[in-house]
Every structure is written in C-alpha cells, then in structure tokens.
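Participant: Attaching a single structure in structure tokens format; questions to follow.
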Amino acid sequence: MHKYDVVVVGGGHAGCEAATAAARLGASTLLITHKISTIGEMSCNPAIGGVAKGVVVREVDALDGIMGRAIDRASIHSVVLNGSRGAAVWGPRAQADRKLYKKAIQEIILNYNNLTVKEESVDDFLIESDSNGESYIKAVITDSGERILTSRVVLTTGTFLRGVIHIGEQTTPSGRIGDKPAIELANTLKKYDFKLGRLRTGTPPRLDRGTINWSVLQEQVGDNPPTPFSYLTEKINQPQVSCFITHTNEHTHRVIRENLHRSASSYLDNVIAPRYCPSIETKVKKFAEKNNHQIFLEPEGIDDNTIYPNGISNSLPIEVQYEMIKSIKGLENAEILRPGYAVEYDYIDPRELFHTLETKKVKGLYFAGQINGTTGYEEAAGQGIIAGINAALSLSQKSFVLHRTDSYIGVMIDDLVTKGITEPYRLFTSRAEYRLAIRSDNADRRLTQKGYDISLVSHERYSVLQGKLKSIKQLEEKLESLTITPEQLRSYGIKISYDGIRKTALDLLGYPNIDWNKLREIWPELNMGSSVSYLHNAKAPLPVIQVADTGIQYLNDDGMDAVDTEKNVDSSVMCWNNTITDSIAKNEIYEAVAIEAKYKPYLVRQEADMKFLQEEVNTQIPTNFNYSQIKGLSTEVIEKLQSIKPATIGIAKQIQGITPAAIVSILVYLRNKKTKIAANSA
C-alpha cells in the first residue's frame, strides 16, 4: 500500500499548482488524474491573463508557481489590457499555442522533484473520527479499489463533478468533451454532508482556419515586444500572430432567437451561468437592442488550423450553430471542427472552507478551483497554489494565508469563504479595495519574500528579487539626490506650488505630467543608456475614493473593468548609470520607480478611505431604500441589494458581488442626503 504526504486529485490548472507547491515544500506528493495526456489542457479559451486575472498569474509566479513560465513558453499574441490607463488596472494577457502550453506544463509536472503522477480516478475517501468527534482524512480510494494512504488531500475536480455536456437537446455525461465525469466522487461528497450546488459554463464552436475569409476582417496586432508573465522570463521567443475581429448581425440574432427553445439555456434556467462570460443566446436575449456583438477570432496555435471564436459560446444544436456561423462576416464558408456546448457540474459552498482552503468538516481535505464556484484558469491556479501550500505546511502545524491587503488571491479567497457565491465567481479590479497597491507590476515585491520565508520560493527567484530591489533603491537614491526649487522649475515650463521648498527628482516624478524625458531635460546627467521602453504616457492614477464626492468614479457602471488594449510606448528612455545589472530588465526598474512615485499620495488616501469604510459599518440603510437612484451602481449590485435589503452597511458588505466601490457610493449618497435634510430643516 502506497503512502504520500499529500495527494492532489485533478490535473487541471488548480491541481498542477497545488501539486507543485506541495512538492516544493518537501512533501511527498501524488497527483492523480483521469488522463496524463490531458494535464495542462486549456479546456476553453486558449489564453491566460486579463484584467485582475493577469495579476493573479503574476502572484502565482511570485510564489514560484508554474503557470507564468508555461504561458511564456507558449505565448503567441501578447497585450497589456488597459495599458493606457493607470497601472492599477493593467491586465497582461497572452494568447497561447495550446499544444505548447500543454507541453510546457507536462514537462514541468512530469519532471518535478517530490512529485509522482498516477493515471486513475478517485471515487471515495477513507475518513475516520478522533475521540473528539473530529473527522480527518486517512486515504483516498481509486476506481480500481486501491487505497492510497495520506493525511492531506487537495480536490481540484474542475467541471467533472457529475458533469453533463449539452449540445441542443442532446445531453452527455462528461466533464469535458471526450472525458468522463466524476460521478462517484460527487456522491462521496454528498455522503459526507458537503453542501452541493449546480453551475454551468460554456464554450464556442471551433472553426477551420482555412475556411475563413481573413481579408474582410479587422486585424488586431499584439504588443511588440510581447510582455512576459514570469519574473524569470527575459523575453518571449515564439513567433507572434495576429487575432482578428468580426461581429454578429441582425441575421445572426434572428437565427438564434428562432432557435432559443432548442438551446440548453432554455431548460437549464435554474442552473446559473457566468454573468460576465455570457453565451451568445444570453446576449441576444438580454441585450435585444444591440445590433451586433463583437467576436475575436483567436488562433489556437502557430501550426494549428483551429480558430477559437471568442464571444459566441453557445449550446445550440449543431445545425443551428452552422447557420449562425455562416451568417457572420468572413465566416460565410467556415467549417466547424467541434461544436460549442454547455457543461453543468457540481460545486461546493465555499463558505464550508477556512481561508487556507481546508474544509471545516474534514481535517486534511482541501478544495481548489471550480469546485469552489469560481470560473477561469487564473482563479483556479491562485486557489491551487494556496491549497497545496497549506496541505504541505499543515503537516508541521503551520499555515499560509494571503489577505485582501496584499493580493488578488487574498481578495478572491476572502470573498469565497466569507460571502459564498450565487453565480460563477470571476475576479475584477472592482472587487479589490486595495487595488492601487496590489498591481501586476509589483507581485514579486509583494509576495516573493513571503514565499521565501516558508521555503516555497527558489534561491534563483529570490536572488532576482533582491537584485531588482537593490536597483530600485539605487535609482530612487539617485533621484533623491537631485533637487530643484519651484522658481527654477518655471524655466522648464513646470508650474507647481510656489512654496520655496526644494523638490527632489523623485518628488517630481510623482506629478501626473512629469515623465523621464522631462527629468532628463532638467538633469542632463540622467544620460541615455541602452534603449528601453517605458509606459511614461500612461494616464496618471485616477483618483481613489473621495468620500466627499459621489463615490468611486473610475469603475464601469456594469461592474466589469473597461478593456483598452492601447499601450503608449516610448523607446528612448535613459538609464541613469550602468550599476543596474544586465540580468534585470532596466525598463522594469524605471517602471517600478515611476509607478511607486505616482501612486504614493493615492495610497495614503486609500488607507484613509478604507479606515472610513471600517468606521461606517453600522450605518443604517432605510428599509425601502431605492438603490437605482445611486449613479454608478451596476445592475448586478442593484438587483442583489433590492432583493436582500440589508439593514446596515456592514451587512451589505458581506453580500456576494457587492464591491467596495458600491459600498462607498451608498455611504456617500446616504451622507449627502442626511446633510441636505439637516440643511432644509435648519
């Protein structure tokens, strides 16, 4: 009978991060998966990252996770979403070559120290109770009846728990097309009294590249040079490809409307789908006034003929999918290689978990990924690494918890275990009240030291961080040594407060309209070095919460983050001296120093605003309060608040999907209304 310190069930994005994290901490780890050949499979879209999601990938990488390095070995189209806005909303995203990504993950997993991989299914657990009645894991039981002894299990089942695929009226028990579901394991969880719910998601049809008329489509070129995800990657080596854009039209919508009754969405109304990744059927129904919807045609590989049409996920019958596709510009002759489908599956109530992702019912049992009600590769990876870390650390009675103040992973896990979910959970910057501090550019500076302190992070990664921190300090000290008076600044066309106080170059860099080129004009000794690019024209950080105004103004009304793929680049920024080593990208150092300088005053205000929120938790909300009269609240927020009718701000904060921005907007509205009433009665 075999015995392992940690057993991870499931070889998806959560499982791979959990298994490698536990192994890095020295735990003898077993990864059990249905098929070794599908480890690292990108089941839905062939891309990693995005707004908020890209930050999570960087955070996983900062903890020595594997997703960032794998996507860097597979990236074929890279873009920084929101690149022309403040760094707090930058969203690195990379289109992947599916084969290269899977190959990269498998090469890492199958050659990892302390990690064994086994091809089998887990159907049951051996759970015992101690004298206090506390249940704990003793073993996992496979479908062949084998017992594998372990005291720590991480369950990362994805969409496989009682998974069912729907294509029109046809249904097939499956967790992913071509793969069987985990029926017995779902029954086991039910047997041990875990509260199960049902969710669904979907995927679009895959198209044949050679049957698409590319000449009539809008080309979307990626960033040049492409931006790596991993802090250990110097550059992306794969050839880069373009994506293309087309749109649905009235004919497309008519085809969909006439066949809605044949879609799985018509009989799965009680099974909630992702709000922010809706099917084309949902878009046509919910946004009937829209004449078209955008579709991104994304290549699935450099030498792969498969095209992923992002934006038309559906579960219509195959013949209807053909009719729909052929109504779209450029796709008139397109052939479908694989139909789109919906998949419904079980999830557990994440409120049954601690912040370590250990279950409250069974000691030593951890859940990570879509089983917790989340959606997305990145969210799964973020949970997986935390579950794997804690499974290993708990063997010596230790734990590792990230917080809302230090990471998006911390925001996500706190949301899940305290608020639960009512629909598939997806990360947005609007969910993070400390988003000005937890950005994509500083994940290593936030988390790598924490990982190193628990022996999770390699010496190589830690050395890279130390070199980077040293270079940042050197540059900041250089800038602080250069001073100038407000009077002298006027000769350079810079007008600031005429207070007679000398300003350092670092002070000036914090001003919205002062960049590196302006500093070089003032101080020629900041001479040109090797050419590097710097996002110096990116907009200054937008104002953080203003409690005297109307709440947070820089979040979208629909609760999602705006996507802006434009990035302003200046390739002629200087390097002030040669002490910044060649092994550290000089543009990273300049970027880090400038961002910190520009965000410094806003971070101070952010702290004050968060303190304000904490102090106002007992503020009463009128019973029949009309939330729709508050500008800036999303439809989701209004619906939930009108339904639940929270009595206080503190209760409203605990509702799943209610963002910090929404809470501030409500507080400001109530306070302004109270002030008006007082003024009128005076």
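Numbers run from 1 along the shown chain.
Heads up, the Cβ atoms here are built off N, Cα and C, so glycines get one too.
What Swiss-Prot shows for this protein is this:
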- Gly10, Gly11, Gly12, His13, Ala14, Gly15: FAD binding site (BINDING)
- 273-287: NAD(+) binding site (BINDING)
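Mind running through what each feature is packed against?
Facilitator: When other Cβ atoms within 10 Å of the Cβ of Ala14 (FAD binding site) are tallied across all protein chains shown, the result is 34.
Arg275 (NAD(+) binding site) is surrounded by 20 other CB atoms, counting those within 10 A of its CB over all protein chains shown.
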Participant: Identify, in sequence order, the residues in the chain of Glu281 (NAD(+) binding site) that are 6 or more apart from it along the sequence and have a CB within less than 8 Å of its CB; answer 'none' if there are none.
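Facilitator: In sequence order, the residues whose Cβ lies under 8 Å from that of Glu281 (NAD(+) binding site) (at least 6 apart) are Ile256, Leu260, Ser263, Ser265, Asn314, Ser315, Leu316.
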Participant: Relative to the Cβ position of Gly11 (FAD binding site), how many further Cβ atoms are located within 10 Å?
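Facilitator: The answer is 27 other Cβ atoms.
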Participant: Please work out which residue of Lys283, Lys285 has the most C-beta neighbours within 10 angstroms of its C-beta, and give that one of the binding-site residues.
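Facilitator: Within the set of binding-site residues, the most crowded position is Lys283.
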Participant: For Ala273 (NAD(+) binding site), list the number of other Cβ atoms lying within 10 Å of its Cβ atom.
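Facilitator: Taking every protein chain into account, the count is 24.
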Participant: Quick check: which same-chain residues outside Gly10, Gly11, Gly12, His13, Ala14, Gly15 lie with their CB within 8 A of the centre of the FAD site CB atoms?
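Facilitator: Going along the sequence, the neighbours appear as Val8, Cys16, Glu17, Ala18, Thr33, Thr156, Gly158, Gly369, Ala380, Gly384.
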Participant: For Ala14 (FAD binding site) and Cys277 (NAD(+) binding site), what Cα-Cα distance in Å is obtained after rounding to a whole number?
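Facilitator: Ala14 (FAD binding site) to Cys277 (NAD(+) binding site), Cα-Cα distance: 20 Å.
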